[in-house]
Amino acid sequence: MAALSSGSSAEGASLFNGDMEPEPPPPVLGACYAGSGGGDPAIPEEVWNIKQMIKLTQEHIEALLDKFGGEHNPPSIYLEAYEEYTSKLDALQQREQQLLESMGNGTDFSVSSSASTDTVASSSSSSLSVAPSSLSVYQNPTDMSRNNPKSPQKPIVRVFLPNKQRTVVPARCGVTVRDSLKKALMMRGLIPECCAVYRIQDGEKKPIGWDTDISWLTGEELHVEVLENVPLTTHNFVRKTFFTLAFCDFCRKLLFQGFRCQTCGYKFHQRCSTEVPLMCVNYDQLDLLFVSKFFEHHPISQEETTLGETTPASGSYPSVPPSDSVGPPILPSPSPSKSIPIPQPFRPADEDHRNQFGQRDRSSSAPNVHINTIEPVNIDDLIRDQGVRGEGGSTAGLSATPPASLPGSLTNVKALQKSPGPQRERKSSSSSEDRNRMKTLGRRDSSDDWEIPDGQITVGQRIGSGSFGTVYKGKWHGDVAVKMLNVTAPTPQQLQAFKNEVGVLRKTRHVNILLFMGYSTKPQLAIVTQWCEGSSLYHHLHIIETKFEMIKLIDIARQTAQGMDYLHAKSIIHRDLKSNNIFLHEDLTVKIGDFGLATVKSRWSGSHQFEQLSGSILWMAPEVIRMQDKNPYSFQSDVYAFGIVLYELMTGQLPYSNINNRDQIIFMVGRGYLSPDLSKVRSNCPKAMKRLMAECLKKKRDERPLFPQILASIELLARSLPKIHRSASEPSLNRAGFQTEDFSLYACASPKTPIQAGGYGGFPVH
């Protein structure tokens, strides 16, 4: 540390006293200071000296970064020097700010700031060998008292925005250009990522980074320009009355009469017109532009995409930055152009390396819905936030107790057995008949009644295997699907959690959900559902490549959204929604299946339950891949998976088909660098469906819509599509199915009209 400080001090002394003599203040800076306070002429000189000290300190920090920045584990002496220089830089910047404010106020500042000046001077002399006189106070209090106080002049930066607009932002220390201009750009429908910022130097525009400190640009003029290959258009608003369920894109409230842009589809109330973005931005092409630029400047090496063979005992994952961050994580640095890259490879846990990316599990007809215990009020709160007023009865009694709190909790088990039915029966008469009927109802409502004894199910051929079990075709009062779960010798806690989740599954009844018929615990845990004769949506789209019409594809999406809306209304999170788990009957009726319970999908340690990565990576939301939260699965994670299903429907192919590396997909999607390419959708795909797909695939979880709003949008789209009706002039006999030979049996000559004059030529006239 001493050697490093002495070397830095020698370099600083040579910069100030040797080869690089500090230049006098520039005329612009001196004129600005002279006109601001009119005080002692030594003040601008001191400010100039402090600026030179700041510049010198930054050069030392940059030298340290160039020397040790590329090392994963830099020496401790480097970290100590780094902290010392950054703290010194903060002190110098604070002193500069005090001088500028004092010059603007025209008040006495030498006494109040002498302590800070001495501190800066002493710290500078200890490490940089700079004379304390360079930071000494030259101001005479009596001279300042003779000047009349003037209003302070705040440091500002003038900014010229696109479309001949301009604004002024304050030049605050420690605030980046991005943060200073973010609000002004958002009000104009722009984001920093689609623009470039320039500064004017010597009559030429020179680009600067968005992370540059705005205080370094005090008094300058910045120009913000839209990137060349970012498509921007103006809105095309029309007044519209929405006779079907619609929501304002700004306030998310119900919309009946308002306006709609014919280009981008933005709809809003008249009172929300002031908040509408001024430009139409094609965010789909914008995402593609960012991804292409990222691959150009940030190639992914093999080391970054390598999966770890083992996982930590805690089940946690390495930290991954949020999806809206760009670039690898870096140490904070005061220099905008230097950073310390610290590569952190993303290593998901418990991956089976034997399964290659190209090998996919066969579809099974067993449902795979995770019962994630969410309070009934949460779905209402989320729907209210999205502007949807949900209706329906309370779901009390349908929510299971959180699996993590189940073991050893007798009160939780009792609370689960409470339901509105038995409570009403207890209020009835105490006669023996009522009591017997109450017992009958209670027996029928208990989860034990859904347990199928061992030996009643005849297990047939093996259909396929999934991530957490194997599916067989069986016989139990008809054809059923039996999914044997991969749980051997379950503990009492696991068994109780499994029964609690079954208590919720047994109450699911919907036309678009596979019917749950029962479960068994011997010889192993298994769930029994109805048998589906049709094939999965994955089989139709990617195996036999069935060519569906657009109206059929939209109807499949509508039924899927309808089934998911029902599950979410029951506080059930699917967790593994994908085209393999969506089944189509011969009449194209959608059935959502593949229930994989939380008891099976979670990792148990003793009596405690931990979440683990489950499902197929192509349908996983970024927050699920990162696994930073204790329970990343939510209604919005199902919405993201539904967005991938929409992508399959509208393109006929899987996302990221151009990337063959499974680990690279996990890495890129988890960090928010990769999104499905929406430019591959079919040419006849409606714009509303494409917008809905983009909203469902938002990288930020809270920005995705919920299924009530999704279902309303798809139903509106389905009703708006043109339909070809049967011609009214078609012969009714052909519609009845008669053939040509049916008429030949009754063939007869058709009468002809007489054509002779008068019409009576064939008859004698008397």
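The backbone N, Cα and C atoms fix where each Cβ goes, glycine too.
Note: C261 (Zn(2+) 1 binding site) has non-local neighbours H235, N236, F237, K267, C280, i.e. same-chain residues 6+ apart with C-beta under 8 A of its own C-beta. DSSP gives C261 (Zn(2+) 1 binding site) a strand state. What Swiss-Prot lists as Zn(2+) 1 binding site is H235, C261, C264, C280, and the listing cites similarity to another entry.
According to Swiss-Prot, the feature compositional bias 'Low complexity' maps to 1-15 (among others).
Marked as compositional bias 'Low complexity' by Swiss-Prot: 110-128 (among others).
What Swiss-Prot records for 303-313 is compositional bias 'Polar residues'.
The compositional bias 'Low complexity' annotation in Swiss-Prot covers 314-328 (among others).
Residues annotated as compositional bias 'Basic and acidic residues' in Swiss-Prot: 348-363 (among others).
The compositional bias 'Basic and acidic residues' feature in Swiss-Prot is assigned to 423-447 (among others).
Residues or ranges marked as domain 'Protein kinase' by Swiss-Prot: 457-717.
Sequence annotations record features per position, and here Swiss-Prot assigns phosphoserine to S750 based on experimental evidence.
Taken from Swiss-Prot, the feature phosphothreonine covers T753.
The region 'Disordered' annotation in Swiss-Prot covers 1-36 (among others).
Sequence annotations record features per position, and here Swiss-Prot assigns region 'Disordered' to 104-128 (among others).
Residues annotated as region 'Disordered' in Swiss-Prot: 303-373 (among others).
Taken from Swiss-Prot, the feature region 'Disordered' applies to 386-454 (among others).
Feature annotation from Swiss-Prot assigns zinc finger to 234-280; the stated evidence is sequence analysis.
DSSP gives H235 (Zn(2+) 1 binding site) a coil state; it is part of no helix or strand. Averaged across the domain 'Protein kinase' (457-717), pLDDT for the predicted model comes to 84. H235 (Zn(2+) 1 binding site) is surrounded by 18 other CB atoms, counting those within 10 A of its CB over all protein chains shown. The number of other CB atoms found within 10 A of the CB of C280 (Zn(2+) 1 binding site), across every protein chain shown, is 19.
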